[in-house]
Amino acid sequence: WKTVNPSCSESQLLADEEQTPEPLLSSLDIFLFSLIAGLLIYWFFFRKKTEPVPEIKPFTPVTPQIRETSFIEKMKKTNRNIVVFYGSQTGTAEEFANRLAKDAQRYGMKGVAADPEEYDLSELSRLKEIPNSMAVFCMATYGEGDPTDNAQEFYDWMQGTDDDLEGVNFAVFGLGNKTYEHFNATGKYTDKRLAELGGKRVFDLGLGDDDINLEEDFISWKEQFWPAVCELFGVEATGEDSSIRQFELVVHNDINMNQVYTGEMGRLKSFQTQKPPFDSKNPFLATVTGNRKLNKGGNRHLMHIELDITDSKIRYDSGDHVAVYPTNDAAVVNGIGERLGVDLDTVISLKNLDEESNKKHPFPCPTTYRTALTHYLDINNMPRTNVLYELAQYASDPQEQENMRKMASASPEGKALYQSWVLDSERNILAILEDLPSLNPPIDHLCELLPRLQARYYSIASSSKVYPTSIHICAVVIEYTTKTERVFKGVATNWLKNKEVTDNGHKLTVPMYVRRSQFRLPFKPSNPIIMIGPGTGIAPFMGFIRERAWQKEQGKEAGETILYFGCRHKNEDFLYQQELEEFERAGVLTQLNVAFSRDQEHKIYVQHLLKKNKEQLWKLIHSNNAHIYVCGDARNMARDVHTAFYEIAEEVGGLTHTQAVDYFKKLMTKGRYSQDVWS
């Protein structure tokens, strides 16, 4: 083979061949030349363009922006000796943790609040490396006795570890609600488990009850907790009872408004350019496509809302919850601005004075006071005592200042005053400012102290099998007159009520995401289901019933589908009456039992109807593997339904009361007795 350079000239070829008498080009040369030319043409015109190989530059080490996961190293670096971890779902436990961390300064110690999700809790045994140190845990219980989302990893670690915590000082304050069966389960477990692992309990477990007065429980606990800590470490209170600011105000006089937050939860401009996946830090803006009043009469407003989730990639199942981020009433926002004489459109940042803190700002910054009060801060609920305590210094009237400080104390008169003047009278921050004329706090300090406005959760009232691109909500608008003759309006329900669907092309949206739940239809469609949901507790069952109808359409054998619904009057608030009666006629609903509580002299509730059908119900539960679902009010209804089932087991099943309680506990464990309740 002779290699021919495709770019050579004819004279060069002649020179190559001059010693032979053969023709200028042999047939082999012509063949090779043609082949190479053809390959060249193919390569040039038809080859797949390859990606250019980037030039490999020598590696230059960059200081990595790695989040510090060692809380021990962070405490050493920042000279802290008390760490307060929080398991928080709605922000209250986080708020309590911040208050405890701040309190430490008053006792000559240095504290830090920490999210257990952000740190490696397996390092807990190393805490004894720091002199006079301790870990405090503010642990909320969520759902059916579960830890909060951010404490799940820590909870799992506690269950699986055998680390030796000897020499580790700890204390636990639990946040719960006695109306729920598993009262303070997470706090109790944390306290018990840390002691089992050898930790030293510095102070008794605190059990806060949100059904009565969580704030009072917390104050009473910490008033005794701090003296126990001081005794342990041999320190005395420094007497520093003055206000300690956590954030400093930065006013932005000349800033590009594209850099200013306007209500986004996480990423700046995330509402303009939406990117999945959507969650609590990145909600989806769903268009409101339906908003109708469900009740035919009465003085309440019950509503059905439909949200469009097309193109969001959001998936949901019947029984899940939809979380929505509401905005505060503009009248209350403006009222605060006017009362304090502030330009609400001033662009500001609140910057953490502790540069080592993971929490750089109390809410997304930079933003305006108006945005903060509208989207980020809870201005509608009654302020907690720490807010009153911190604001008291700004009251020029000595009597008003004294009363504010008294309400924040642990004294019986102080607690009684806070209960009557703030809680029972339902005074929000604007009402307090209006009723204490000498109180003039700087608005930035007020914004620092107010808790974050939380997402509101609703049981989804639709089935994704029938409505894959739509989520339905069923809710009652909260509005009533308080003892001070002010009108209290629920933030989220009034905001949703005003999301009217119009034909003018202007679309109203709701920031939302879906939270998964364990409230699920049986895996086998042939299992019977017994649903008990008075009032808006019917919401998840509208999804269940529609899904059962879909299952029948698919040719699946659907088991008995029984609903117990309750309302006040048949002609006023029988929610979804037409749809339910149609489902019953079509045989999708095997039985529709409705208790109209006020249509007769004596009140009839769902639990009375359960007792009336006790033989049938016991047979379904005990012999036919029926699943029971309860949705609605936890304080009374869920308890009364529980009791009715105990009585049915005793009267028809012949069980003792103890056996009946145990029987239904086992059903709960097996996932055959599910609750979606609220108080």
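All residue numbers here begin at 1 and follow the chain in the order shown.
Backbone N, Cα and C define each Cβ position, glycine as well.
Automatic, uncurated: that is what TrEMBL annotation is.
Lifted from TrEMBL, the feature list:
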- 88-93, 140-143, 175-184, Asp210: FMN binding site (BINDING)
- Arg300, Thr536, Ser597, Arg598, Lys603, Ile604, Tyr605, Val606, Gln607, Asp640: NADP(+) binding site (BINDING)
- Arg456, Tyr457, Tyr458, Ser459, Cys474, Ala475, Val476, Tyr480, Gly490, Val491, Ala492, Thr493, Trp678: FAD binding site (BINDING)
- 82-226: domain 'Flavodoxin-like' (DOMAIN)
- 281-522: domain 'FAD-binding FR-type' (DOMAIN)
- 24-45: transmembrane segment (TRANSMEM)
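Structure coloured by features recorded in TrEMBL.
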residue: Ala140; record: FMN binding site; Cβ contacts under 8 Å, 6 or more apart: Tyr86, Gly87, Ser88, Gln89, Thr90, Thr92, Ala93, Thr148, Gly174, Leu175, Gly176, Thr186, Gly187
residue: Phe183; record: FMN binding site; Cβ contacts under 8 Å, 6 or more apart: Thr141, Gly176, Asn177, Leu207, Asp209
residue: Arg300; record: NADP(+) binding site; Cβ contacts under 8 Å, 6 or more apart: Val476, Val477, Asp573
residue: Arg456; record: FAD binding site; Cβ contacts under 8 Å, 6 or more apart: Ala323, Val324, Pro326, Val491, Ala492
residue: Tyr458; record: FAD binding site; Cβ contacts under 8 Å, 6 or more apart: His321, Val322, Val324, Ile473, Cys474, Ala475, Ala539
residue: Gly490; record: FAD binding site; Cβ contacts under 8 Å, 6 or more apart: Asn380, Val477, Ile478, Glu479
residue: Ser597; record: NADP(+) binding site; Cβ contacts under 8 Å, 6 or more apart: Gly566, Cys567, Arg568, Lys603, Ile604, Tyr605
residue: Gln607; record: NADP(+) binding site; Cβ contacts under 8 Å, 6 or more apart: Met637, Asp640, Val641, Thr643, Ala644
residue: Trp678; record: FAD binding site; Cβ contacts under 8 Å, 6 or more apart: Gly632, Asp633, Ala634
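Annotation for Gly91 (FMN binding site): same-chain Cβ neighbours under 8 Å, separated by at least 6 residues, are Pro451, Arg452, Gln454. Note on Ala492 (FAD binding site): other Cβ atoms within 10 Å of its Cβ, all shown chains, come to 23. If you average pLDDT over the domain 'FAD-binding FR-type' (281-522) in this model, you get 96. In this structure, Asn177 is the one among the binding-site residues Ser88, Asn177 with the smallest number of other Cβ atoms inside 10 Å of its Cβ. Sequence-distant contacts of Tyr180 (FMN binding site), defined as residues of its own chain at least six apart whose C-beta falls under 8 angstroms from its C-beta, comprise Thr141, Gly145, Ala634, Val677, Ser679.
Ranked by how many other Cβ atoms sit within 10 Å of their Cβ, the binding-site residues Cys474, Lys603, Tyr605 place Lys603 at the bottom. Counting Cβ atoms from all protein chains shown, Gly143 (FMN binding site) has 16 others lying within 10 Å of its own Cβ. Across the range of the domain 'Flavodoxin-like' (82-226), the DSSP-based residue counts are 65 helix, 35 strand, 45 coil. All protein chains shown were included, and the count of other CB atoms within 10 Å of the CB of Val476 (FAD binding site) stands at 17. Here the binding residues for FAD are Arg456, Tyr457, Tyr458, Ser459, Cys474, Ala475, Val476, Tyr480, Gly490, Val491, Ala492, Thr493, Trp678. Their largest Cα to Cα distance works out to 24 Å.
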